[in-house]
Amino acid sequence: MKDITLVLLAAGDSTRFKAPFKKQWIRIGEIPLWQYVAKDLSQKCDFSDIIIVANEKEISYMKKIERNFKYAKGGKLRQNSLANALKKVKSEFVFVSDTARAEISKDLIGRLINECEKFDCVSPFLGVVDTTYLGRNQIDRNDLKLIQTPQISRANLLKKALESNEIFTDDSAAVAFAGGKLGFVEGDEKARKITFTSDLAHFDFTPASGTIFTGNGFDVHAFAKGEFITLGGVKIPCEYSLVGHSDADAAIHALMDAILGACGLGDIGELFPDTDDSFKGIDSKILLQKVVNFVHLLGFKIINADITIIAQKPKISPYKEKMCEILSEILQTSRVNVKASTTEKLGFVGRVEGVAAIASANLGYFDWRKF
C-alpha cells in the first residue's frame, strides 16, 4: 500500500450555508460531518495518517470527540490551512479533501491512487456538456475540465509550492506553479459538495440524534458597598455591589457553565479567563451571547434552562420575570425559568456576605432537515 496521508479541510466559516451551525458540525446520527467524512474515507483507503484542519477554537473540542486523528490550525486562506497541515505530513503522498465533499466513492479514490506514481498531482474532473463561451468567443468544450476534490499530490512538492506568495485555487494549480506534472482522472457526478442548506437534500444522511445533553453550573460572588447588583441581566437597586472581574452576574455565570457543561466544553474560566483585561467589567449578557453563538456553531440548540438564585438580600422575586425575558431572547428559547431562594440566614448568604446561583441547561442537536 502506498504511503498516503489524508488531510481533511474543515476550517471554513460556512458563510453561504446560512444556518446557525457550521456545515462541518451537522450531526449524522451522533457524529459531526467532519468525523463522518474522515471515517468514511479511512474505510475506503488505508491512510498512514489522518489530519483534520479546523478553526483553532474548535480543535480542543474535536480532540475530545476523536482522539485518533491529528489536528492542524486553519488559516486565512485554504492554502494557508493546507500549509499548516503539511507541516505534520511525513508520507510521500498527501490526499487532500474537503469536509463539504461528503460522499466520495471508493472507485474515485482508487482511480486517483492508481495514477499518483505517474504524476505529481492527480485531480478528478468532470467534462463540460454545454456550449461554452469566453466573452463572445466560443470555446471547444472538449478542452475544458471542471476540477473536483479530492486531489492527491507528492507532499514535498506541494509543500514547496505553498511556500511561495502566490494565490492558488487548488492543489493542482500549486503543483503546476512548482513545475510539477499534472494528471487527471474521471470524476464523479455524485461527489457533490455541500455549499447551501438545500444541498443536504441530495444526501441520504441519518438525521441528527435526539439525544438530550444536560449540564449544571454554580457561581458565587461576594458583596461590597454599592448601589445595585446585576443578576440574570437585570440591575437590582440595593445597598450592595458584587465583586468580580466582569459585572459579577452570578446567575448568568452559572448558566454559562451549565451550557458549556452540557456540550463538554469546559467552563467559563477557560473561555473568559480573569487574567484577560478585555473582560474587565464586561456585561455578562455579552459573554452569554458569545457562549450561545459558539454552541450553535457546533450544532447544539438550547432546549431549556433553569436557574436558582440564592440570596438573603435583596429580594429577587420582583425581577424574575424580567430575567426570564432577557435570557429567553439570548438563548432563543422560551423555556427559561428563574427561581429565588434564601438559606434561612445560614452561611455566607444568610450573613448577607454575597449571593450564589445554581443553573441547569438541556441541549440537543439542531435538526438540519429543517433548514
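Note that Cβ sites are derived from N, Cα and C of the backbone, with glycine treated the same way.
The candidate list H245, H253 contains one residue that Swiss-Prot assigns to the divalent metal cation site with D219, H221, namely H253. Long-range Cβ neighbours of T343 (4-CDP-2-C-methyl-D-erythritol 2-phosphate binding site) (same chain, at least 6 residues apart, Cβ-Cβ under 8 Å): I310, Q312, V349, G350. Comparing the binding-site residues H221, H245 on other C-beta atoms within 10 angstroms of each C-beta gives the minimum for H245. Other Cβ atoms within 10 Å of the Cβ of R16 (site 'Transition state stabilizer'), summed over all protein chains shown, number 10.
Other Cβ atoms within 10 Å of the Cβ of R351 (4-CDP-2-C-methyl-D-erythritol 2-phosphate binding site) number 12 in total over all chains. Distance between Cα atoms for H245 (4-CDP-2-C-methyl-D-erythritol 2-phosphate binding site) and H221 (divalent metal cation binding site): 10 Å, as a whole number. Separation of the C-alpha atoms of R141 (site 'Positions MEP for the nucleophilic attack') and I268 (4-CDP-2-C-methyl-D-erythritol 2-phosphate binding site): 57 Å, rounded to the nearest whole number. In the set D219, H221, H253, T342, none of the recorded positions has a C-alpha within 10 Å of the C-alpha of P273 (4-CDP-2-C-methyl-D-erythritol 2-phosphate binding site).
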